[in-house]
Amino acid sequence: MIQSKKIALIGSGNIGGMIAYLIRLKNLGDVVLLDINDGMAKGKALDIAESSPIGKYNGEIFGTNNYADIENADAIIVTAGITRKPGMSRDDLISTNVNIIKEIATNIAKYAPNAFVIVVTNPLDVMVLAMYRYSHLPSNMIVGMAGVLDSARFSYFIAKELNVSVESVDSLVLGGHGDIMLPLIRYSSVSGVSIADLIKLGMITHDKVTEIVERTRKGGEEIVSLLKTGSAYYAPAESAVLMLDSYLNDKKLMLPCSAYLKGEYGVHDLFVGVPIIIGKNGVEKIVELQLTEEENSIFNNSVALIQNLVANI
């Protein structure tokens, strides 16, 4: 009998709870849901477990506040941290969430040093670097969830504007997870037809694409302003689980994620959103695209912003 993979979710808030549910739906493995709020972790785990007879999914799930329970986890997704309130930027979260990540990273190093770690906590590009520095895990075993979500938002907005299925749209967003992300129009298409060609065909205007790019950059902020008391969690959870699935099942999907760069794109010792291939060995390849002068300028501005944010961690 094949042993189930052990997946630890650190943080049982909206995103953590949704990730746990999606993992069960997809039968990806057994789940440990950890939170300092013991009751929340145990309550959500029990609620999900009680849905198993209806959903016909197998595997164990339990909640805890004890880091020892993540021992020998195959993969870990970190969502713990305070979330944004209206008017608050991701950057406002830094001081509090770095301390949270530091504690988590120390315990991952102690109990699950061989795990593949996906960081979701914002501000993403700062938190994933903090995870790397404090856990001392290999750089190929730590990634941040950002580009998958940003690309999904961009694809959705394009699909709605063109009145086509979201399944027809492919897009790619690089750079930091914030206002200076870089949606790559040249690498975005609808059933193989580039956005540039769709503009030429009159199916969408350049101004509308520019508007969609800006809406994508403000995608998280838009949801925060609507919810008033929280931030997005359905799409972030789906994004993290897609990355997890690629690792656990060696799918080798090429996905835009925050990954550690060692000279690629001219960047050293930072986690930045770029296309990577995720397989059983973690980050198996960083795909280095040739950017235009304009794209490179935006990308470098994004990198500079990340450098400023991580200066004091």
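Even glycines carry a Cβ here, placed using N, Cα and C.
The 10 Å shell around the Cβ of His177 (active site, proton acceptor) contains 28 further Cβ atoms across the protein chains shown. Swiss-Prot lists His177 with the feature active site, proton acceptor.
Secondary structure at Ile15 (NAD(+) binding site), as computed by DSSP, is helix. For Ile15 (NAD(+) binding site), the same-chain residues lying six or more positions away in sequence with a CB closer than 8 A to its CB are Thr79, Val120, Tyr233, Pro236, Ala237, Ala240. Under the heading NAD(+) binding site, Swiss-Prot lists Gly11, Ser12, Gly13, Asn14, Ile15, Gly16, Asp35, Asn97, Val120, Thr121, Asn122.
What Swiss-Prot records for Arg84, Arg90, Asn122, Arg153 is substrate binding site, and it gives sequence analysis as the kind of evidence. Annotation for Arg153 (substrate binding site): spatial neighbours Arg215, Thr216, Gly219, Ala235, criterion Cβ-Cβ under 8 Å with sequence separation of six or more.
His177 (active site, proton acceptor) and Gly13 (NAD(+) binding site) are 21 Å apart (CA-CA, integer value).
Rounded to a whole number, the C-alpha distance linking Gly11 (NAD(+) binding site) with His177 (active site, proton acceptor) is 20 angstrom. The two recorded residues Asp35 (NAD(+) binding site) and His177 (active site, proton acceptor) have their Cα atoms spaced 25 Å from each other. Maximum C-alpha to C-alpha distance over the listed NAD(+)-binding residues Gly11, Ser12, Gly13, Asn14, Ile15, Gly16, Asp35, Asn97, Val120, Thr121, Asn122 is 17 Å. Asn122 (NAD(+) binding site) sits 9 Å from His177 (active site, proton acceptor), taking the Cα positions as reference.
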